[in-house]
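> From Swiss-Prot, for reference:
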- 1-19: signal peptide (SIGNAL)
- 26-38: disulfide bond (DISULFID)
- 32-50: disulfide bond (DISULFID)
- 37-78: disulfide bond (DISULFID)
- 60-86: disulfide bond (DISULFID)
- 80-96: disulfide bond (DISULFID)
């Protein structure tokens with residue numbers, strides 16, 4: 001009975017409230033433009049948004065390296081840009097760093 005009384009109030013609050021439009025929402029990488037991936041939102045974990053690939057010095061996840069990825073990403077970071085690698089900078093910390101090939 002109590003829920004029946006609360007329902008009209010809830011509808012009134014929902015209809016009078018402001019709504020938000022999330023631009024760039026996605027489910028998979030293929031829905032994002034070139035140079036982006038579909039990553040978990042930092043603010044609302046149940047939403048994924050198109051996010052730029054990691055630039056030099058930005059945080060990354062060592063197991064996230066394929067673009068486009070066929071499934072749903074579990075992290076809020078995208079893989080690094082093609083000329084960068086996700087390298088460990090300290091215990092548990094990874095950043096996009098220049099790829100040092102043919103150094104010698």
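Glycine is no exception: its Cβ is also placed from the backbone N, Cα and C atoms.
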> Please give me the disulfide-bonded residues out of 26, 32, 37, 38, 78, 96 that lie within 10 Å of residue 60 (disulfide bond), comparing Cα atoms only.
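Close disulfide-bonded residues: 78, 96.
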> Which one of the disulfide-bonded residues (26, 50, 80) has its C-beta surrounded by the most other C-beta atoms within 10 angstroms?
80
> Taking Cα-Cα distance, which of the disulfide-bonded residues 26, 38, 78, 80, 86, 96 are within 10 Å of residue 32 (disulfide bond)?
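For residue 32 (disulfide bond), the disulfide-bonded residues whose Cα atoms are within 10 Å come to 26, 38.
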> Work out the three-state DSSP category of residue 80 (disulfide bond).
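SS state of residue 80 (disulfide bond) = strand.
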> Measuring C-alpha to C-alpha, could you say which of the disulfide-bonded residues 37, 80, 86 are within 10 Å of residue 50 (disulfide bond)?
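Cα filter at 10 Å returns 37.
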> Near residue 37 (disulfide bond), which residues of its own chain have a C-beta under 8 A away, given they sit six or more steps off in sequence?
29, 50, 51, 53, 67, 68, 69, 73, 78, 79
> Validating a neighbour-count step here. Other CB atoms within 10 A of the CB of residue 38 (disulfide bond): how many?
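Around residue 38 (disulfide bond), other Cβ atoms within 10 Å: 24.
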> Pop the Cα-Cα gap between residue 80 (disulfide bond) and residue 38 (disulfide bond) into the table, whole Å please.
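About 13 Å separate the Cα atoms of these two residues.
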